[in-house]
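As given in TrEMBL:
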DOMAIN    C:117-373  domain 'ABC transmembrane type-1'
TRANSMEM  C:6-30  transmembrane segment
TRANSMEM  C:51-73  transmembrane segment
TRANSMEM  C:120-140  transmembrane segment
TRANSMEM  C:152-172  transmembrane segment
TRANSMEM  C:184-203  transmembrane segment
TRANSMEM  C:215-235  transmembrane segment
TRANSMEM  C:247-266  transmembrane segment
TRANSMEM  C:309-330  transmembrane segment
TRANSMEM  C:350-373  transmembrane segment
Amino acid sequence: MTDWDPSKPILEIENLSISFFTRLREIPAVMDFSCTVMAGEAMGLVGESGCGKSTVALAVMRDLGKNGRIVSGSIKFKGRDLTHMNDEDLRQIRGSEIAMIYQEPMASLNPAMRVGDQLAEVPMIHQGMTRADALKLARQIIADVRLPDPDRILRAYPHQLSGGQQQRIVIAMALMAKPALLILDEPTTALDVTVEAGIVDLVKDLGTKYGTSMLFISHNLGLILDVCDRLCVMYSGEAVETGNVIEVFDKMRHPYTQALFRSIPLPGADKNTHPLIAIPGNFPLPHERPPGCNFGPRCDYFRDGLCNAQEVPMLAVPGHDRHATRCLRWSEIDWDAPAKIGKVTEKLPPGRLVLKMEDLKKYYSVSAGAFGGGAEKVVKANESLSFEAHENETLAIVGESGCGKSTFAKVLMGLETATSGQIMLFDENVQDTPIEARHTDTVSKLQMVFQNPFDTLNPSMTVGRQIIRALEIFQKGKDDADRVERMLTLLDMVKLPRAFAERMPRQLSGGQKQRVGIARAFAGGAKVVVADEPVSALDVSVQAAVTDLLMDIQRENHTTLLFISHDLSIVRYLSDRVMVMYLGHVVELGTTDQVFAPPYHPYTEALLSAVPIADTRVKKRRIVLEGDIPSAMNPPPGCPFQTRCRWKSQVPGNLCDTVLPPVQVLAGGHQIKCHLSEEQLAAMEPVITIAAE
Amino acid sequence: MLPFLLRRVGVMILTALTLSFVVFCLTNLAPNLEKLARTEGSVRMSDDAVLSWIENNGHGGSMVMRYGQWLGVAPGWVRTDDKGVTRGRCIQGAVTAESAPRFCGILQGDWGTSTVFREPVIKTVSEKLSSTAWLMLWVMLVMVPVSLIIGVLSGMREGSRTDRVLSTFAIATTATPEYVSGVILVVIFASATTGISPILAEWGWISGRTLFLGTATSAIDKITFWNFALPVMTIALYGIGYIARMTRASMTEVMTQQYIRTARLKGVAFHQVILKHALRNALIAPFTVIMLQFPWLLNGVVIVETLFNYKGFGWTLVQAAGNNDIQLLLACSVVAVFVVLVTQLISDVGYVFLNPRIRLS
Amino acid sequence: MEPLSWPMIFAKMAVQFWPVWAALIVTIVLSLQFRRRLGLYGKLFDSNVGITGFVIVMFWVFTAIFADMIITFNPIAQLSGLKNALPGTPLPDTDQWYLLGGDHLARDVFSRVVMGARRVLTIAPAATVIAFMVGITLGLPAGYFGGKLDTGLSFIANLVLAFPVILLFYLLVTPEIRSTGVPIVLAAVLFLFPVIFVSVLLNSRYFTTPARRNLYVGVALVIGLWAYSGLAFNMDPTGIWSMDPNLLNVFVSVVFVNAPTVFRIVRGIVMDLKSRDYVAAGQTRGEGPWYIMLWEILPNARGPLIVDFCLRIGYTTILLGTLGFFGLGVSPESPDWGSTIDDGRRLLSIYPHPAVVPALALMSLVLGLNLLADGLREESMRD
């Protein structure tokens, strides 16, 4: 290990193929994958779920489980081939030379061991350090990952820390032995955006400080742009394009990469004039890959007899910095041609008022402490919510976990009744009417699309049966035959083949399930639809298609869409008005343009800054919030955002600590709940600027 | 922690009261009392005589009142018959009507008299209970370590050959109730005509006719390996399978957890992963299982004591039930239920203690 | 004639079991043929453990079905001179044998064990089914609604579970208790649950089309209440549904012991599943709670419930054996395995066969059920 030349690559993967072996067949997960990571370099692996990016990471760790096996190729770490290393040598390398950071911090930490012991274990194993020394080192590294009060944290159990703190501990654990290579597998996916921003900053700084090389795995192109120097785009088990981040982003040379960028909502996209372009078709199953180019069947530039005739090798793009693409036609394609714009549509004017909330409050009382007993606590899930929604309008409700957006949906749907305030739904007061007491007509007009595609359909009922049940309960259709006919029409509407009526949900992909969920919601001719993060669990290329479908149906039925999301990019793309929530409060409300441009509420400002954007032209002001979102059980006094606000010092006195800010109504009905004066707000600078071409 | 403990104890007392009342009702049903009257009085009693016997011996009146007397919260009955002899619940032996206390239920330590053993119930029960305690002690000493080791060994590498062999053994023992395994063990080890004893005797390896003793009666006076091994094994076998399967399930689940992968990928050696990271998390579930095994162990005790003629608590329960010994059966039931409830309480509290996630939140 | 040697005894028994072999072969061949279309049942044939368990269980099921064709003697006939006869002892002046010897009343052990299978395999599954109906009907609302209902029901379930089973049997299965009518009251309560279960199941699904609902629920109620009147109160005028009071007592006690455990399992699963989005989807389109519980949640709980069902039949078999072993609630003639073991154990160290044969039979059936459950669990988790 000592005679390794730092100018050689740290990690060199060559023609790696990995398969999983099941009872029925061999499933190739990664094919002919090569990549090189130099010292101090950050390499990004990007792709949709199932593309094999995590498998590559686990193969480097040689932890593929019982069924996985490296079929061919080599993984060289500092010149030594990991694929043929024995267990004892591997154990020496794991943790000390190569360390890994995982997606779910809570699950990655041992719940029954104190944090200090888990950290100290690493140098105790690899450097034979004494426990006392190891704990001292752990204390220092905890300070390095910017956690407050290291002594308390050393003694704590993992569940006593918040998600962001846990992830910092996992990072600290990886750094304990000062590894040469750090593998990060979607390290921020389970975290809120504002917390994610802090972690990403930390990772970048530590990478520089310790000179560690990184293999950064993510599905989020924006994050890759933030963190990495080079990247490798994967599709269906293969690397399709690799190169310098800037070059791949600006001068991509593979149709998949291009399609991927066209399907994500970047600044400038607009649902009416510049709609997203979804990638047609579906991701191929691992055992049903097409011959030749895997992306062939979904590719606009596909040429029969060429693309499907042979295995496609990686081809170098001359003149670029180690840029390569797995496309036979890359030199023929005009990469600068503008995308064919899909159908451009007119923006529909907002119609009559359909939903009006006034000073809605929802409190829960919960008994504190795990053992029952103890004092009753009141959780203020929603605090004085007021807004209106019109026909044809998309109102986005934005916020991170614990902001009360799900409670709001429950109250509106009638699954819970409001503590106080009024909900006016089509000239009817429904705040005190639970769903059982609502008229069938009211129920069928107000429906919901759920977040998790794997959960939204009953796994033991056919797709058709589930839609028919909705028709039955909404009293649509005069007899069974009529309902079957209506069900098939609904499947047409969401662009699913009619044959799907007989399928079970497990035979459908995530996007298809989400379509069925939409069909079910519209079975009764819904007029107001609450969409609770309907696309956040889907892959980016599918997101665009489902979003567009939702927009189409809305346009046709003149539906009011309440779009709940934490993803500001998609909100900016499709909503007409935006409501930002934090800890049960509406902190900002206005049209999309008003919210995305200054003046901001300080929270909106931070949120905008935190969202990674996959566009090299975008310049962002970096605003990283301190700490985590406070628990809704224990909100801070005064302004809910005061614990993390960077503007707090500019408000005179301790107003923020003590007094709940009033709602300021600015020009154009733009509402902001903040103590900052109108002048201070007006002086705010934009967070995001797009550099001129 | 304290409020939780108090609540649990409160629920336990409520449960104990309800259950003892149910047991009291079921043992003091009219037919039982009639039968008691005929055995205590005379078999040829007329129906009227039976009724008056029941009335005169304090078994009349409402069930609740009688329960209260038995429990010791209602004053014991006192009755003066035509001959002027005053008898009562609390008047017995040397105690006269004048010196008798008002209350004499189990709260005062008076558990009544056994009609089978002709002695105070409390004496019978405590004697027999101590005999059974020895049996239980040995069962626990055999069962707990063996089952945990089997469970951990088979759970740490799911699907390996060790796992398959041990799991098959565990499934087989859970399929063998005590009355089956007891019979088979006796036939193999303690029969003069079959199993291994005749062969061993022929070779001259054993001096007696059988290797082990087929009864455990002598173990009341002196426990030896030869008279105690079979009963202990019989009870332990069933439990071993069950606990081992629970431990295995818990262990395999823990082994798939991400923190085990974290440990592995930070370079911890396999045996250290098992000992330091997996074991503590994997043993939380089996602990509660072991505690909740007590109701079933009690079953095993009753069967084994009957089968091996070991005169302990289980054997007494059978005698009491078979001979309509109401007071004794009642006492046995209350003790049994009490043991179960206490183990449940320990299980609950222990679970909270072992699991830092619950303890500290 | 000469007594049979052991190989001959096994050969003769194998011949006696021919209907069972035939049925087993047909079942397995058909199942293997269509296994890819049979869902979880078909997948069972991919696992060695599962297939072993299935074959053992089906062996006993077919034995119970064809018992009349398999037995060599009337199971309660006492033939002179064959008291405690050893296995393979011939009958004087005939060409017949006591294949597995005679018991202490000179009855044929082989025939008694075969007949015992029929008894065990009717009571155990039936009692388990009723226990599941009770547990499900109460566990669903307890888990779904939570709150006071849950607290109350769970308290009652814990009361029953705090009883050592054997004690409960000694208190519940006695001639005295039979004369007080307690078993009939229990039966009246417990047997009502299947009727309620089926009616609510049909009503919640079909209430949107009243005509069809009335038909289905009506038919269910008529058949259900007819069976109910016969089984619980022995008042069926046609006499098709009836139950011996002894048997009723045993049956009710076994259901009573098993139901709380099922209740706890169902409650736990429901608490887990009720947070799923498809449940919320049902709620937001205005479905009633029973539709959601019975049609949205219950079908998705079937995996663990099927596994537990197999285990529980085995457990019930053990319980029935325990009852027989203590001579509770069974007639002395009864060939059920538990009481046969009890009869045989008195002379165990001299004549082991009358006790060992039913003991092995019981063990193999329970083992088969456990293996089957294990195979099902393994296969249902795999996908």
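The backbone N, Cα and C atoms fix where each Cβ goes, and this holds for glycine too.
Keep in mind that TrEMBL annotations are predicted by a computer and have not been checked by a curator.
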Quick tally over C:6-30, C:51-73, C:152-172 of CB pairs under 8 Å to the transmembrane segment (C:120-140) gives the top stretch as C:51-73
Notebook entry, point to check: Can at least 3 Cβ pairs under 8 A be found between the transmembrane segment (C:350-373) and the transmembrane segment (C:51-73), with each pair 6 or more apart in sequence?
Noted result: yes
Long-range Cβ contacts under 8 Å made by the transmembrane segment (C:309-330), restricted to residues 6 or more beyond its ends, are 120, 123-125, 127-128, 131-132, 165-166, 169-170, 173-174, 246-247, 249-250, 253-254, 257-258, 261-262, 336-342, 362, 365-366, 369-370, 372-373, 376
Most Cβ pairs under 8 Å to the transmembrane segment (C:51-73), of C:6-30, C:152-172, C:184-203, C:247-266, goes to C:6-30
(Q) Is the transmembrane segment (C:6-30) in contact with the transmembrane segment (C:247-266), using at least 3 Cβ pairs under 8 Å (sequence separation of 6 or more) as the test? (A) no
Long-range Cβ contacts under 8 Å made by the transmembrane segment (C:152-172), restricted to residues 6 or more beyond its ends, are 138, 142, 182-183, 249, 252-253, 256-257, 259-261, 263-264, 267, 319, 322-323, 326, 328
